[in-house]
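Asks: This is the structure I have questions about; it appears just below.
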Amino acid sequence: ALWQFRSMIKCTIPGSDPLLDFNNYGCYCGLGGSGTPVDELDRCCETHDNCYRDAKNLDSCKFLVDNPYTNSYSYSCSNTEITCNSKNNACEAFICNCDRNAAICFSKAPYNKEHKNLDTKKYC
């Protein structure tokens with residue numbers, strides 16, 4: 001679920017404010033996405049978007065009311081390390097790994113302030 005993804009980012013980047021820092025960044029961070037990612041961090045978001053799209057197509061994730069944004073899973077955080085719980089069902093495990101991989105990707109990618117609130121109509 002999206003609120004868990006925010007918590008995961010705070011795990012890999014302590015002191016960050018995921019909603020303020022990463023929402024509306026580049027062409028893919030935030031709602032929707034199009035065009036070519038502007039940098040490594042934006043590529044993390046594109047990959048995460050694609051991962052959620054793939055989750056919706058999984059047999060184990062036949063969403064009715066649930067979707068990757070609201071479907072919750074179980075995970076733990078220890079010293080910036082995220083572990084998805086082995087007790088998650090197949091769908092929860094998939095979404096947890098989407099979020100885990102993106103949070104790790106975010107933590108390794110440089111942050112370019114000029115890509116925050118980018119004019120997506122012009123650059124994406």
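Note that Cβ sites are derived from N, Cα and C of the backbone, with glycine treated the same way.
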Asks: Per Swiss-Prot, what member of Asp17, Asp49, Asp54 joins Tyr28, Gly30, Gly32 in binding Ca(2+) at one site?
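Replies: Among Asp17, Asp49, Asp54, only Asp49 appears alongside Tyr28, Gly30, Gly32 as Ca(2+)-binding in Swiss-Prot.
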Asks: Which one is it, Cys29, Cys44, Cys45, that Swiss-Prot ties to Cys105 with a disulfide?
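Replies: Answer per Swiss-Prot: Cys44.
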Asks: Among Cys61, Cys77, Cys124, find the residue that Swiss-Prot gives as the disulfide bond partner of Cys91.
Replies: Cys61
Asks: Pick from Cys27, Cys45: which one does Swiss-Prot say forms the disulfide with Cys29?
Replies: Cys45
Asks: What residue among Cys11, Cys27 is stated in Swiss-Prot to be the disulfide partner of Cys124?
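Replies: Swiss-Prot says the disulfide from Cys124 goes to Cys27.
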Asks: Which site among Cys11, Cys77, Cys96 has the most other CB atoms no more than 10 Å from its CB, taking these as disulfide-bonded residues?
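Replies: Max Cβ neighbours within 10 Å, all protein chains included: Cys96.
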Asks: What is the separation, in Å, between the Cα atoms of Cys84 (disulfide bond) and Gly32 (Ca(2+) binding site)?
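Replies: Counting only the Cα atoms, the answer is 26 Å.
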Asks: What is the nearest of the recorded positions Tyr28, Gly30, Gly32, Asp99 to Cys45 (disulfide bond), using the Cα of each?
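Replies: Nearest listed residue in space: Tyr28.
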Asks: Just to confirm: which same-chain residues, 6+ apart in sequence, have a Cβ under 8 Å from the Cβ of Cys29 (disulfide bond)?
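Replies: In sequence order, the residues whose Cβ lies under 8 Å from that of Cys29 (disulfide bond) (at least 6 apart) are Phe22, Asn23, Leu41, Asp42, Cys44, Cys45.
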Asks: In DSSP terms, helix, strand or coil for Cys11 (disulfide bond)?
Replies: helix
